[in-house]
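According to TrEMBL, the protein carries these features:
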- 11-120: domain 'Aspartate/homoserine dehydrogenase NAD-binding' (DOMAIN)
- ALA123, ASN191: NAD(+) binding site (BINDING)
- 169-255: domain 'Aspartate dehydrogenase' (DOMAIN)
- HIS221: active site (ACT_SITE)
Amino acid sequence: MRLEKTVAIAGLGAIGLEVARALDKGVDGLRLVAVSARDQAKAGANLAGFSGRPRLLPLEALADEAEIVVECAPAAVFAQVAGAAIARGRIFVPASVGALLPRMHLVEEARRSGARIVVPTGALLGLDAVRAAAEGSVESVTIETRKPPRGLEGAPYLAEMGLDMGAVTEPMLVFKGNALEAARGFPANVNVAAALALAGIGPERTMVEIWAIPGLARNTHTIRVEAAAARFTMSIEGVPSETNPRTGKLTPLSILACLRGLVSTLKVGS
Ligand SMILES: NC(=O)C1=CN([C@@H]2O[C@H](COP(=O)(O)OP(=O)(O)OC[C@H]3O[C@@H](n4cnc5c(N)ncnc54)[C@H](O)[C@@H]3O)[C@@H](O)[C@H]2O)C=CC1
Ligand SMILES: O=C([O-])CC(=O)C(=O)O
């Protein structure tokens, strides 16, 4: 008989609430025991319809309650959630992957505490192929991200460069650089580039282009990999969530699939 693993979720927004709802409906081998939210009244209302009764706790307390801590909060509070989960030796599943890049010391801390950091594919695709390719030699990895201008609004890089997304009337290349610079400049927009970098050849060598495309209905990511074992190009067009246009609807589903993979008897994909 398989033991159940307990799960806690930090942040009940576009991603966290969807994951929480799905877990509450029932996923074999997983039990939602705690959540954290900024707006307690709103969280209480959202949780009122749940059949389980997850505890509503501060971010740092989640790791005391659950074996798996899923981070679905803004990048600004990433360190609080990650630090506690890793210190307690938990399985830490981050959505704000961009916030992990400047904090790679957490991987060393996890090694010491026995914690694991499991990065879901999120709004992206094909990280199994990228990881396989990276077991051999890889010449280059690039990602082009295309979003409607409103999906990029609020990024610190845009403010630094004086770029007003409201004024974009035709396709515009707003950023070109490596994944580390992209994560710094667009902490809420290019988690996919960070995940790609971690799957493959690292943030310095993974190259990123970000385009603002007026009228674009879907967040589009295209990966190109040139490796000794294979050359591949993959593209995904994600439907933006209604609650947060920066976030694709696939992301909570990817996290759910990732969580299932932590406990399932049959697991598909490397
Ligand atoms: N890995 C991936 O492919 C993707 C990752 N993301 C990232 O995932 C994270 C979550 O994204 P969304 O759910 O779309 O954001 P969201 O803004 O819809 O939700 C975040 C939630 O966290 C809550 N929150 C804020 N401060 C908090 C605090 N101190 N304690 C507890 N809760 C707090 C907010 O009230 C909100 O409900 C973001 O960092 C985003 O950039 C988004 C899309 C794709
Ligand atoms: O949902 C998407 O298309 C990707 C995204 O926002 C991110 O990488 O943070």
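Don't overthink the numbers, they just go from 1 along the chain as shown.
Each Cβ is built from the backbone N, Cα and C atoms, and glycine gets one as well.
Those TrEMBL annotations? Automatic predictions, nothing curated.
Taking the C-alpha positions, the distance from ASN191 (NAD(+) binding site) to the residue listed as 'active site' comes to 11 Å.
Neighbour list (HIS221 (active site), Cβ cut-off 8 Å, at least 6 residues apart, same chain): ALA123, LEU124, LEU125, ILE143, GLU144, THR145, ARG146, VAL192, SER235, ILE236, GLY238.
Residues of the domain 'Aspartate dehydrogenase' (169-255) grouped by DSSP class, helix first, strand second and coil last, total 22 helix, 33 strand, 32 coil. Each residue in the domain 'Aspartate/homoserine dehydrogenase NAD-binding' (11-120) gets a DSSP state, and the totals come to 54 helix, 20 strand, 36 coil. The average pLDDT for the domain 'Aspartate/homoserine dehydrogenase NAD-binding' (11-120) in the predicted structure is 97.
For ALA123 (NAD(+) binding site), other Cβ atoms within 10 Å of its Cβ number 25.
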